[in-house]
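Record features, source Swiss-Prot:
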type     : residues       : note
TRANSMEM : 72-95          : transmembrane segment
TRANSMEM : 162-185        : transmembrane segment
TRANSMEM : 201-225        : transmembrane segment
TRANSMEM : 298-316        : transmembrane segment
TRANSMEM : 353-376        : transmembrane segment
TRANSMEM : 392-418        : transmembrane segment
TRANSMEM : 440-462        : transmembrane segment
TRANSMEM : 550-568        : transmembrane segment
BINDING  : Cys592, Cys601 : [4Fe-4S] cluster binding site
TRANSMEM : 608-629        : transmembrane segment
TRANSMEM : 697-719        : transmembrane segment
BINDING  : His708         : chlorophyll a' binding site
BINDING  : Met716, Tyr724 : chlorophyll a binding site
BINDING  : Trp725         : phylloquinone binding site
TRANSMEM : 757-777        : transmembrane segment
Amino acid sequence: MSTTPQEREKPVRVLVDNDPVPTSTEKWGKPGWFERNLARGPKTTTWIWDLHALAHDFETHTSDKEEISRKIFSAHFGHLAVVCVWLSGMFWHGAYFSNFTAWMENPLGLKPSAQTVWPVFGQEILNDPSTVAKGFEQGGIVITSGLFHLWRAVGFTTTGQLAAMSIAMLIIAALFLFAGWFHYHKRAPKLEWFQNVESMLNHHLAGLFGLGSLFWTGHLIHVALPVKAQLDAGIAPAQVNPFAGLDYGLMGQYFPKGFGPNGGLGAFFTLNWGQFTDFLTFKGGLEPATGALYLTDIAHHHLAIATLFIIAGHMYRTNWGIGHSIKEMLEAHKGPLTGEGHRGLYEVLTTSWHAQLAINLAMAGSITIIVAHHMYAMNPYPYMGTDYATQISLFTHHMWIGGFLIVGAGAHAAIFMVRDYDPVTNQNNLLDRVLRHRDAIISHLNWVTLFLGFHSFGLYVHNDTMQALGRPRDMFADFAIPLQPVFAQWIQNIHAAAPGGATAPWVGGTSPTWYTGALSSAATLQANQVLALANDKISISPIHLGTADFMVHHIFALCIHVTVLILLKGVLFARSSRLIPDKANLGFRFPCDGPGRGGTCQSSAWDHVFLGLFWMYNTISVVIFHFSWKMQSDVWGTVDRSTGAVNHIIGNTDVLLGGQTVALSQYAASSININGWLRDFLWAQSSAVINSYGGPLSAYGLMFLGAHFIWAFSLMFLFSGRGYWQELIESIVWAHNKLKVAPAIQPRALSITQGRAVGVAHYLLGGIATTWAFFLARFLALP
């Protein structure tokens, strides 16, 4: 028997602490326990505002990086639990209050619904008349989340399955809650564990993305695809066998190559992968029957993603001494004009979670906006392309989420600069060089923004003026002086020409949106050019881009550049400026730089985020209005298969020019001036919500009014000075004192920062809910 000499044993690293924080509901039950001043209890009404501001700002609770990291990690599990409870509610409503069963049998003829209004005081008028007319015992209010389409795509066919999933989600939520408690109170990771980025990358890439995609591929092949095959074969949803994917013989009926005598695992291990091409395809484009991406293409896509990410998850150096070191790569990343390059950024990203979060938010926000565009151009779920209310809802939702995430990136980048930036470790690296060039960067960005603003808006003003003067020939328009978006058309042509070429000889086109060909206008579309489903509704069609698109895209550019200008200025000037050299000492948010320092108000990093939110709102509003009008005018509608005609939701506009009539889509003809946007889009399309009272859409009319009120209420906070409110409060307190009914907690007016926070929150809530009501009343009124 031999023993290993002691000196040769590798010491085991303990990466967790046992029982670091006792579980104490008594302590947590005391409001403000996490901060010394708050724990004393309220003296003034400011206390409740500070409670909200600081509850999740862990860095104000402690300066211990390890403790902060553990709190964030634990909170992630709590967040996942909340998401699972929320999803459980979705499944529960789908199981017990929806018309999912009926919708599955007639997805093109019914609108999804998962809630019905009881007949109290006539409120049942809110139930969708088509649902009531068809004699459904369940379902009433139309839902536009796309969940029914998603559920059908992934293999749900009965409400019993939805109920089981609802219970499963609650169980998963409970497990996440337990994990959050366990990893903070019983086995809490050490700071070293959080800073081990190579191991984290390997596990996230190979585990979460790689194996996650592989598991999903398995689900698609063994559950979703056989369910779809049975539905396509005419089997009633209630009779579909959800376990067919586990029966080799049954699968062989639907996929004879992959599950035939020469298929299965044998084909996999002998590298005869061509056998799998009946369920792992590369068809490209959309399935004509459903208007959705081919499910076999989606399975193939996820298998490819899984392969790539599992490989990527083995790239970084951990215990084995092979692979990349992030620190070495960053420090080697320098060029002839970049000084020290990325040296020091490893320390930044492993000691500042704000810096890491800022990068992740910027990427996640951008990806979410890309998702918004993919959802309509390459609709992933069956029959969703013709559910226009759902399509506009999903586009708007993803655009808003993306906008908020990107503003959040600016916020956390600024917090990093104030709280975590170390000038000593960032000497002549790219971060330091950007900060030293900040005046040039911001002034150039400012100039570009002004140029964009005057020129893009100037095109619209020019057109309004020419129209008012009766000179249509002098307008910038497809019918007069065209401004063709040549770069966008070039990108369209690249995508249209790619399939069948040398680069992709086997691939079909990704979407009909690219195939504009000789299309001179959306008004000339024919039925054979669009993808229309069995109910003759258009799912997607070629999208013609012209002068109107060129103009509005320059408005997008203006709005995006202003948003970036505000956020980037907030980040680059977060620590100091000529006006306030000691800004870093004042913190992330401060109202002004004290008395006698006029002109220093609204210059904190927080105030830049505050202003950035308004411009983000402007940006997203223009984008979703453009999308709504363009799709109704140029894409969505119906086809007449007997004549080959395409009838868009909004009919074409005849433009009279020099005695000749030119037919254009309404969007191409009207959106080229401000008057057109106000009259033909906002005013014309708001008729549905304004006239909704007394019908099933009346809830949206009330929401439209209420949201306008919330928006107007915000102006009271945004336009007023704090002094006015404090004086008003003092006089009310005086009256209470006279009557000896003064409260124990002294009333205080909101601080300047609190007032702005309340203002922007109500401004955005009011604006978003107004847009929501405007869109849904319009789209649900359509047949």
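In case you wondered, yes, glycine gets a Cβ from its N, Cα and C as well.
Remark: of the binding-site residues Tyr724, Trp725, the most isolated position is Tyr724 (fewest other Cβ atoms within 10 Å of its Cβ). Ranking the binding-site residues Cys592, Cys601, His708, Trp725 by Cα distance from Met716 (chlorophyll a binding site) puts Trp725 first. Counting only the Cα atoms, the space from the residue listed as 'phylloquinone binding site' to Cys601 ([4Fe-4S] cluster binding site) is about 18 angstrom.
For the pair His708 (chlorophyll a' binding site) and Tyr724 (chlorophyll a binding site), the C-alpha distance works out to 24 angstrom.
Against the transmembrane segment (392-418), the recorded stretches 162-185, 298-316, 608-629, 757-777 differ in Cβ pairs under 8 Å, and the greatest number is found for 608-629. Taking the C-alpha positions, the distance from Cys601 ([4Fe-4S] cluster binding site) to Tyr724 (chlorophyll a binding site) comes to 17 Å. In this chain, the transmembrane segment (353-376) lies out of contact with the transmembrane segment (550-568); the count of Cβ pairs under 8 Å, excluding pairs fewer than 6 apart in sequence, is fewer than 3.
Within the same chain, residues at least six positions away from Cys592 ([4Fe-4S] cluster binding site) with a Cβ under 8 Å of its Cβ are Thr600, Cys601, Ile752. Sequence-distant neighbours of the transmembrane segment (72-95) (same chain, 6+ residues past either end, Cβ-Cβ under 8 Å): 56, 58, 114-115, 145, 147-148, 151, 159-160, 162-163, 165-167, 169-170, 172-174, 176-177, 179-181, 183-184, 189, 194, 353. Packing around Met716 (chlorophyll a binding site) is summarised by its Cβ count: 13 other Cβ atoms lie within 10 angstroms of its Cβ, all protein chains included.
Its Cβ placed at the centre, His708 (chlorophyll a' binding site) has 15 other Cβ atoms within 10 Å.
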